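Written out below as C-alpha cells is the structure these notes cover.
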Amino acid sequence: MGGERQHYYGKHGTPQKYDPTFKGPIYNRGCTDVICCVFLLLAIVGYVAVGIIAWTHGDPRKVIYPTDSRGEFCGQKGTKNENKPFLFYFNIVKCASPLVLLEFQCPTPQICVEKCPDRYLTYLNAHRSQDFEYYKQFCVPGFQNNKGVAEVLRDGDCPAVLTPSKPLAQRCFPDIHSHKGVLMVGNETTYEDGHGFRKNITELVEGAKKANGVLEARQLAMRIFEDYTVSWYWIIIGLVIAMVLSLLFIVLLRFLAGIMVWVMIVMVILVLGYGIFHCYMEYARLRGEAGSDISLVDLGFQTDLRVYLHLRQTWMAFMIILSILEVIIILLLIFLRKRILIAIALIKEASRAVGYVMCSLLYPLVTFFLLCLCIAYWASTAIFLSTSNEAVYKIFNDTACSVAGKTCNPETFLSSNESRLCPGAHCQFAFYGGESTYHRALLGLQIFNAFMFFWLANFVLALGQVTLAGAFASYYWALNKPDDLPAFPLFSAFGRALRYHTGSLAFGSLILAIVQIIRVILEYLDQRLKAAENKFAKFLMTCLKCCFWCLEKFIRFLNRNAYIMIAIYGTNFCTSARNAFFLLMRNIIRVAVLDKVTDFLFLLGKLLIVGSVGILAFFFFTHRIRIVQDTAPPLNYYWVPILTVIVGSYLIAHGFFSVYGMCVDTLFLCFLEDLERNDGTAERPYFMSLTLKKLLNKTNKKPVES
C-alpha cells in the first residue's frame, strides 16, 4: 500500500512538507521572473514609441469626416471647406458599382457643400435661368460658365441633375421614402416617365434604395438615444438593484448553499425519473399501432424528425439512455456524497471570507478601469495607425480604359497623356496609402498593437487574480478567524504582487497572449480561405482553431491556479504552475466535484439576479407597475432600457461572482495544502473551518500540559 502511494505521488509530484515557519502568504519573499519583467517594460516602451509614431503620422479625421475628390476634409476648421460640412456625390447611382468594394470610393466626382440640395433641378434647365446661382454651388470649386452643356457634363464640372437629399454622417443621400405604397424622392413620385428628366430620377431612386435603409437606421438610432435620455436614471436604479441582489446572494450562500445544491440534485433525479416514466408510457401506447414496429435502421434518415416519435424503438432508446443517466447520477451521489459536502462547506466558507474582506467586492472596478485604459490605448493607436497614410489619387472611368486604376496627380491630370487617352476619366482621391518604409511596416505595427493589447489585458486580469488570492489566502491561514487576519489584506496582497511578482504575471500573460494572437491570425486566414474550394485546407484550419481554443482554455485554468500559488508562496511562475497542477491532479475528483457545484451555483445566481431585475424592468417600463407615485417615462422602444438593464445586471453579477469564484478556488487550494502539510497535532494544527474538520473527522489536538 505504501508502495502504491509512493508511485502515485511520483507521478503527480511531491506533497508539501510541514514548515513550522509557514503561517500563510509569505511576506519575506524575493522578486520572481525578473527577465520577463524587463521584457514587459521594454515592450511597454516600444508600445509607447509605436503610439507616438502613430499619433505623429495619423489623422483620425480621415475616419470621422468625409473627404472630397481631392482628399480635402469637409467642414474642418482651418481649411477652405470650413463652411462646407457635407459631401455631395454628382451621381450617387455609381456608388452601387463593384468598384466601390475594391477602392472604397465612389467613381463619381464629390465635392464639399454648405447644405444638401432641397429641390429637383437639371443642369439643362438651370443653365440659362435664375436657378443657375443655386445650381452652381454644387459644381466643382472655381467653375466658370464658359463651356457648353455637353462639355460641362463630359468634364464632370457639374452634376447632371439635383435631387432632394438629406445629410447622413455628413454625406448627402437622396430623400427616399414611401407614401401609400409608392416610392418617392422628396415630394415627387417616380412612377411617371417624363422626357429624360423623370427617367433620370427613376435611375437615381433605384441606385439609392440602399440609402433608404441607412436613413431608417439613423432614425432608429435617434429614437434609441431619446429613450436613453429619458430613462437613464431608471436604468441606474435597476443596476443598483442588481448590485444589491448580487451582494445579498453571496451572503445567503453561507446559509443556503447546501439546500440549493441538494434541491438541484433531487430535482435532476426527479426529472430523469419522470422522463423514464413518460418514455415507457409512449412505448406502451404505440404497442399494436400500425407502422410503430419499424426499426430505426430500416427507416433510415428522415428530414422530418417528428417521424421518429411514432416508432416504439425511439422511445425504447430514450428510456434506456435516461435510465443509464439516472443510475450513473445515483451511483455518483452515493460514492461522492462526502466530496459534495466538502464542496458545499468550501462555498460557505468562501461566503464568510468575502464577508471579512468586503473591499474585495470593489476590486473588479479597479480591473475594469485598467482594462478600459488598455482598450482605449489599443483602439486609439489602431485608428491613428490606420489613418497615417498619405492621400492616393487614382484614375476613375465609367467605361473600359487602359489607364483606369492608375495613380495620378489631380493638379496636372487635365494636361496629362492619361487624360487624352481617357477623355471621360477623372483623377480623384481614392484612399490613404503610401510606399515608404513606414507605410510598408503598418501591418506589422498593427499586429504588434494587437499583441500588446492581449498581453497587457491579460496582465491586468492576472494582477487582479493574484491580489484577490493573496487576500483570501490570508483569511484561510489565520488560525483564529478573524482575529489573526492581517490589517488591509487586499492592499497588502496588491503591493506584494506589484513589488515582487510583476515578472511572473508578465510571464503567464505572455504565454496566453501568444496563443490568443495565433488564434486571431488563424481567424484571419480562415476568412481568406472561405472563398477557396480546398477542403483539406479548411479541415486543417478547423482542427488548428479547435486545438488552439482548447490550449487557451487549459492555459487560463493553469494560470489561474499558478497565480494562487504565487500569492501564497512567492515562487516563480513555472514552479507555481507545476506545484498547482500536481496538487490538483492528486485531488482530481475533488476538483471536478467542486468545479461543477460552483458552476451550478453561479449559473443559478446569475439567472436569479438577471431574471429578477429583467422581469421588474419589463413590468415597470411597460407601465404594468408603478414605483410609489412615479411611472415609467414614455418610450419609443421599451426594450431599449430593458435590454440595457439585463446586460448591465449580468455584468454586475459576473463581477461579483468572479471575486467569489476566485475566493472558492483559493480556499480550495489552501484546503488541499492544509491536508498535506498538517496532521492536527499541537505543532501542526489544521487551519480549516470546524465544518470541514467535522466532515473529514479531523480535530486539532490540544497541547499536552507539562
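Just so it is clear, glycine is given a Cβ too, placed from its N, Cα and C backbone atoms.
Taken from TrEMBL, the feature transmembrane segment covers 32-55 (among others).
Packing against the transmembrane segment (232-253) from elsewhere in the chain are residues 347-348, 350-351, 354-355, 361, 601, 605, 608-610, 612-613, 616-617, 620-621, 632-633, 641, 644-645, 648-649, 652-653, 656-657, 660: each is 6 or more residues past its ends and has a CB under 8 Å from a CB in it. Taken from TrEMBL, the feature transmembrane segment applies to 232-253 (among others).
With a cut-off of 8 Å between Cβ atoms, the residues of this chain six or more beyond the transmembrane segment (259-277) that come close are 318-319, 322-323, 325-326, 329-330, 333, 340, 343-344, 597, 600-601, 604. Feature annotation from TrEMBL assigns transmembrane segment to 259-277 (among others).
Feature annotation from TrEMBL assigns transmembrane segment to 315-335 (among others).
Summarising the annotation, TrEMBL assigns transmembrane segment to 355-379 (among others).
TrEMBL lists 450-478 (among others) with the feature transmembrane segment.
Long-range contacts of the transmembrane segment (498-522) within its own chain (CB-CB distance under 8 A, at least 6 residues past either end) are made by residues 29-40, 447, 450-451, 454-456, 458-459, 461-463, 466, 541, 544-545, 548-549, 551-552, 555-556, 559, 562-563, 566, 570, 572-574, 576-577. The transmembrane segment annotation in TrEMBL covers 498-522 (among others).
Within its own chain, the transmembrane segment (562-581) is flanked in space by residues 13, 16, 24-26, 29-30, 32-33, 36, 462, 465-467, 469-470, 473, 493, 496-497, 500-501, 503-505, 507-508, 665-666, 669-670, 673, which lie at least six positions past its ends and keep a Cβ under 8 Å from the stretch. According to TrEMBL, the transmembrane segment annotation covers 562-581 (among others).
Look at TrEMBL and you will find 601-623 (among others) tagged as transmembrane segment. Long-range neighbours of the transmembrane segment (601-623) within the same chain, counting only residues 6 or more positions beyond its ends whose Cβ lies under 8 Å from a Cβ of the stretch, are 231, 234, 238, 241-242, 245-246, 249, 253, 257, 260-261, 264, 347, 631-632, 635, 638, 641-642, 645-646, 649-650, 652-654, 657, 660-661.
For 635-657 (among others), the entry in TrEMBL reads transmembrane segment.
The transmembrane segment (355-379) shares the most Cβ pairs under 8 Å with 450-478, out of the stretches 32-55, 315-335, 450-478.
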